[in-house]
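Asker: One structure follows; several queries about it will come next.
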Amino acid sequence: MPWLQIWLEAGREGQVFTYANSPETPAGIGDLVRVKLQGRPHTGLVVGWLDQLPASLSSKRIQPILEIWQRAAVDPDWQNLMTSVAAECHTSLFKTLKSALPPGWLGQRNQGPSRPSRAIWLVERSDAALLSQPLTERQQQLLEHLGRHSGPVPLRDLCGEAGFSRAVLKGLEARGLVQRLQAPPEGSGAGLAPAHWPALTEAQASAVQAISGAPAGAEFLLWGVTGAGKTEVYLRAAAQALELGQGTLLLTPEIGLIPQLLDRARERFGCRVVEFHSGLSDGARVAAWRRCLEPEAVVVVGTRSAIFLPMPRLGLIVLDEEHDSSYKQDSPMPCYHARDVARLRARHSGARLVLGSATPSLESWLSCQSPQPASRLLRLPERIGSRPLPAVRVIDMRHELADGHRRLISRALMGRLEQLQEKGEQAVVLVPRRGYRAFLSCRSCGEAVLCPHCDVSLTVHRSKGGQEWLRCHWCDHRAEMGNRCGHCGSTAFKPFGAGTQRVMEQLASELEGLRLLRFDRDTTRGRDGHRRLLDRFAQGEADVLVGTQMLAKGMDLPRVTLAAVLAADGLLHRPDLRSSEQCLQLLLQLAGRAGRGEKPGEVLVQTYSPDHPVIRHLVDGRYELFLAEESQLRRQGGLVPFSRACLLRLSGPSASGTATAAAALAERIRSQVAAAGWLLIGPAPAPVARVAGKSRWQLLLHGPAAQPLPLPTESLLREGLPAGVGLAIDPDPLCL
Ligand code: ADP
Ligand code: ZN
Ligand code: ZN
């Protein structure tokens, strides 16, 4: 390898730099090396090599590498995976690497695997509640963190993944609240002994057996109703992988679901569990990355980006709640779906892939249906303890109106909420939108008040003191309420639609003494925002949790017996190919929050469209019938996934400039697209045509399923674009 191709973070998009290899200590692919660029040292990754220099480069001008910074920083298999992902996502290896590697990774030299014997272990020593002097917030968080572990926690986990500073530790140590140990006490940190694992149900046992007995690269769809014990199946399969010295990637779609899964994984596997998601600091992510490269196999609990963690011996990949759209990355490129990357990875590495859900995506269900299915369906048909699924009651809001009841909350729901406290039960109430009011419109001309930077209306928010202001949910622009109408100059406005804040207010005024908590993006900010709010609710601080879509996702709250949807209509009528599928998934998931404990649950759905097919299937609970019907419709219409779509999204500062660029791009690709038998639709303005001051246009390509995109490479596509106009290629967009 005389000439090395090296990726530098400092380089332009798609650029590789050529350097001369060192004859004495040659570097290889996957090594990190130090090189000089414009007189300054940089760290780069060797991604390829050349036998001969192209004619355009003269060997005299090529500099040698300075030193090898770290050998085998990424293994060749991993780099092959990156190359495949880049190809599938129609983008460069460089963008893919940039997206996959944790921020700050290049700059840090690996100290080599840390030796467990040198690690210091920390335990909680006495009860902080008895203290006279208060603790700082970080100190409290650290104690909480320790308290969640069954045994001692290695220092490197606290300072690395969990991101606590040494000062916080020292403060607690000085007060005798934590203790340092030089080595883990015998048998601790190892997790729960197998003798204490729950005995599997028959369905769980056969699922575990199917997974562990399967050939390398096998794929499964684990379909179990909410509360059926899917997580237990994942943990068992992960335990078997560990026994073989293989690691597991256990993914969940939402950062809010991490704590719950992490607790269960830590209880089972102790300190062999590694946390990875965007809520961690850069340093913590780099530490987690390194940990995965160490010889001891680990179980990673993470969100979608964890699919890229290097795992030299990967045995199992699990995507929990595989139907969730958060697994899809829309920007920046690569626009990947973690499920597709997982499938590639399973094939590359021989790992088994398990997709789990109570409401599988149409795609995953279909891949179990063909005569020679790519994926095997494993079912967990019953809730643990044979607990019944909640009954669904639809409240026809048209009747409420006809009876002269004009409130947001129907009488039936009111009645149920009134009884909660007396019965010692809890409820979750889903409101499709956060904020106070959905939008404001002008009383004179009827126009909605729009964000000055985006083509969307502003949402009314309210502070604790009752002060109201306007916010854009797309770009976070804030504005005062009392402005003049931009269309007619009137100063009179009328609010429409209720958000979570308004629902809270209504509930509080109509049901005195009912204790409420709000669960939306505004109340769950920060690192542990979700967890703290859910902990407070679980501890009985409130009777009702009012929240947005986040409520439906995966949490296990045994005292919740009622799940309600206030305005299902806002969810039903979206102009999107997957609108029905996603809406039914959301409602079934929400229903799954009710009745997980001793008492049976109930679901109340308020809607003006009780005959909508989604509502019908919610009531009859026949999700598989829905999937069969939906796939029939899509097959007849030649829609995704029976065909393939690709979106080219353009954005630029000027509306006309972006439109012209989109039209020119369409002309450039038109003949290639047509020659391949594909359709080119557009250019057209994006559904929201302006966001944060940028105009957005799109081109849609439509062609046969599973065929390669009839497009030139990304860099060629980009070449013809005017400066300032951005392009994203989304090869299989979720929103259509
Ligand atoms: P899912 O992931 O399918 O929603 P979980 O794995 O969270 O379901 O299981 C629901 C509840 O049942 C959890 O509290 C879990 O601890 C418990 N559980 C799971 N499997 C078993 C089992 N085999 N025996 C007893 N309890 C179990
Ligand atoms: Zn007006
Ligand atoms: Zn905006």
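Positions of Cβ are set from backbone N, Cα and C atoms, glycine also.
TrEMBL labels come from automatic prediction, so no person has curated them.
Feature table excerpt (TrEMBL):
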type: BINDING; residues: Cys442, Cys445, Cys485, Cys488; note: Zn(2+) 1 binding site
type: BINDING; residues: Cys451, Cys454, Cys472, Cys475; note: Zn(2+) 2 binding site
type: DOMAIN; residues: 211-378; note: domain 'Helicase ATP-binding'
type: DOMAIN; residues: 480-639; note: domain 'Helicase C-terminal'
Asker: How many whole Å apart are the CA atoms of Cys442 (Zn(2+) 1 binding site) and Cys451 (Zn(2+) 2 binding site)?
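Answerer: It is 14 Å, counting Cα to Cα.
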Asker: For the recorded Zn(2+) 1 site formed by Cys442, Cys445, Cys485, Cys488, which further same-chain residues have Cβ atoms within 8 Å of the site's Cβ center?
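Answerer: Same chain, not in Cys442, Cys445, Cys485, Cys488, Cβ within 8 Å: Arg443, Ser444, Gly446, Glu447, Gly486, His487, Gly489, Ser490.
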Asker: Cα-Cα, whole number of Å: Cys451 (Zn(2+) 2 binding site) versus Cys485 (Zn(2+) 1 binding site)?
Answerer: 12
Asker: Cys488 (Zn(2+) 1 binding site) to Cys454 (Zn(2+) 2 binding site): how many Å between their Cα atoms?
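Answerer: So the alpha carbons of Cys488 (Zn(2+) 1 binding site) and Cys454 (Zn(2+) 2 binding site) sit roughly 20 Å from each other.
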Asker: Quick one: which of the binding-site residues (Cys445, Cys451, Cys454, Cys472, Cys488) have their CB closer than 6 Å to ligand 3?
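Answerer: Those binding-site residues that pass the cut-off, since their Cβ is under 6 Å from ligand 3, are Cys451, Cys454, Cys472.
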Asker: Taking just the CA atoms, what is the gap between Cys445 (Zn(2+) 1 binding site) and Cys472 (Zn(2+) 2 binding site) in Å?
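Answerer: Between the Cα atoms of Cys445 (Zn(2+) 1 binding site) and Cys472 (Zn(2+) 2 binding site), the distance comes to 21 Å.
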Asker: Centre the Cβ atoms of Cys451, Cys454, Cys472, Cys475, go out 8 Å, and tell me which other residues of that chain have a Cβ in range of the Zn(2+) 2 site.
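Answerer: For the Zn(2+) 2 site, the extra neighbours are Pro452, His453, Val456, Leu458, His473, Trp474, Asp476, His477, Val691, Ala692.
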Asker: Near ligand 2, which of the binding-site residues Cys451, Cys454, Cys472, Cys475 are found, taking a Cβ distance under 6 A to any of its atoms?
Answerer: none
Asker: Per DSSP, Cys442 (Zn(2+) 1 binding site) is which: helix, strand or coil?
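Answerer: Once the DSSP labels are grouped into three classes, Cys442 (Zn(2+) 1 binding site) ends up as strand.
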Asker: I'd like the Cβ neighbour count for Cys488 (Zn(2+) 1 binding site), meaning other Cβ atoms within 10 Å of its Cβ, all protein chains included.
Answerer: 12
Asker: Using DSSP, would you call Cys454 (Zn(2+) 2 binding site) helix, strand or coil?
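Answerer: DSSP assigns Cys454 (Zn(2+) 2 binding site) to coil.
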Asker: Summarise the model's confidence over the domain 'Helicase C-terminal' (480-639) as a mean pLDDT value.
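Answerer: Taking every residue of the domain 'Helicase C-terminal' (480-639) together, the mean pLDDT is 87.
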Asker: Let me make sure I understand the structure: which of the binding-site residues listed (Cys445, Cys485) has the fewest other Cβ atoms within 10 A of its Cβ?
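Answerer: Least crowded of the binding-site residues Cys445, Cys485, by Cβ count within 10 Å, is Cys445.
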